[in-house]
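Pulled from TrEMBL:
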{"type": "BINDING", "residues": "E35, A36, V205", "note": "FAD binding site"}
{"type": "DOMAIN", "residues": "15-437", "note": "domain 'Amine oxidase'"}
Amino acid sequence: MARSRENVLVIGAGMAGLAAASRLLEAGVEVSILEARARPGGRLATLDAEGLSIEAGAEFVHGTPEPLWELLARAGIATVDVGSGQVDVGTRASEPSPASEPSLAEMAEILEAFADADGSVADFLALPSTQARWSPEARARAATYVESFHAAPVALASARGTARAEQGASASSESATFRVQPGYGALVRALAAPLGDRLLLDTVVTAVRWERGRVEVDARTYPGARMRTFEARAAVITLPIGVLQLPAGAEGAIRFTPPLPEATQHAIASLGMGPVVRVVLAFAAPFSTGPGEPTFLHTPGEAFSVFWALPGKAPRASGSPTMLVAWAGGSNAAALSGRGARAIADEAQGVLARALGQDEAALAARCTGAWVFDWLLDPYARGAYAFITAGAEDAADTLATPVEDTLYIAGEATCSEAIGTVHGALRSGHRAATQVLVLRTLDQGPDGPYAPEGRYPREGA
Ligand SMILES: Cc1cc2nc3c(=O)[nH]c(=O)nc-3n(C[C@H](O)[C@H](O)[C@H](O)COP(=O)(O)OP(=O)(O)OC[C@H]3O[C@@H](n4cnc5c(N)ncnc54)[C@H](O)[C@@H]3O)c2cc1C
């Protein structure tokens, strides 16, 4: 069994892992990043689809969260404002109508009121006082929004936790939404480049043995599924909560020896991992979503509750496709998940045809391709993003607390103020790196583990 020794191991090369590793490296800490996939980025993955960039995972920048904008600026990556045109279509209406301003305003009030509520979103919406104050339309819109945008079944989602995440998703006084022009993949490349061969791809962590000040990590590497053990002073663990929640012995579960502290285990178990099914539909000819070409087309009550057009909608050359995203989150996504790409794509086309009052077969005939991303089935994510469940309002903060100054858990699920977002993941990575660096400062005696000739030098150093 090959062995190597490092100062700090970072497990997972999504936004949190890349951010933590970059910070540590900048501070002179020897770091190795172990990533299961053949690419960095995790839930940031930009694909080339018929000449257009499409996102399998995150697509938007919500608001103007400082560290993310700073990174984008440093990497010279442009963003575009997505626009805010919204239309509602009834389940079988042929005439989309602009989303009613009063119901949008009422929904915003409901989301704000979550902040003072105990229990789940469903509990809050069912309260007589809630029913007396807000219209059924606004309550239904709020429920659909939480299921869709937060990917959180309303019966499970904490009202207070959702309010907090909602503030974090806006992340600024202006709650505009932006798109990373070349795709989030460009940011991943910019972050990964300086890490060089410290970033080990195709390296699937299977076990973590730890004691205060020392970590051993077993990983399966390809080709040949060779086992390798890495040793370090500390580990930053950025595994998605869906992976950490796998029961012992399940395919993909990571064995911690000794087990993580009870409070940490409890926090992991009590967070929710929201399912999302995202479909990108390509059309041979420009596809109109109605008068004014709204950005978002809401289809409440359907399996896919919102559609939006991707940039490049106007053909760049004759025959260029037009692309639409069909989005299902929460309970809808859980019901769709596992049905297979063909069935899911057909369902998306069916909803779109009904929403626009078009013939389903005719619409299907115009569709030249579909990309289906069923995140619940992704073995290295096991869902799209985390949400705070009722009663677990402190879970993210518990996870952000270092374990014996040795294991530092990061990732979007550990950032209570921006859970489920790219900037939440980024902040968590920076937070974990800072925690490691503070300890390093304390430990930097002549024999300390972080001293240049310390106990765990890089192999061959
Ligand atoms: C469909 C979808 C749409 C989204 N839309 C948005 C959006 O518009 N805006 C926004 O802000 N956020 C959005 N998000 C959320 C955002 O993508 C995530 O919050 C963020 O990217 C998570 O980063 P992370 O580093 O915490 O986790 P990840 O990116 O999941 O990184 C964890 C890494 O750990 C690796 N890993 C897993 N298991 C192992 C193992 N055993 N060994 C080694 N490595 C392992 C994974 O491969 C992964 O690379 C979206 C997510 C999805 C799925």
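Cβ coordinates come from backbone N, Cα and C, glycine included.
Annotations in TrEMBL come from automatic prediction, not curation.
Annotated features, which come from TrEMBL, shown on the structure.
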residue: E35; record: FAD binding site; Cβ neighbours (10 Å): 27
residue: A36; record: FAD binding site; Cβ neighbours (10 Å): 23
residue: V205; record: FAD binding site; Cβ neighbours (10 Å): 22
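Within 8 Å of the centroid of the Cβ atoms of E35, A36, V205, where the record puts FAD, the same chain has further Cβ atoms from I11, G12, A13, L34, R37, T203, V204, A219, Y380. Within the set E35, A36, V205 that the record links to FAD, no two Cα atoms are more than 8 Å apart, and one pair reaches that distance. Secondary structure at V205 (FAD binding site), taken from DSSP and collapsed to helix, strand or coil, is strand. Along the domain 'Amine oxidase' (15-437), the predicted structure has mean pLDDT 90.
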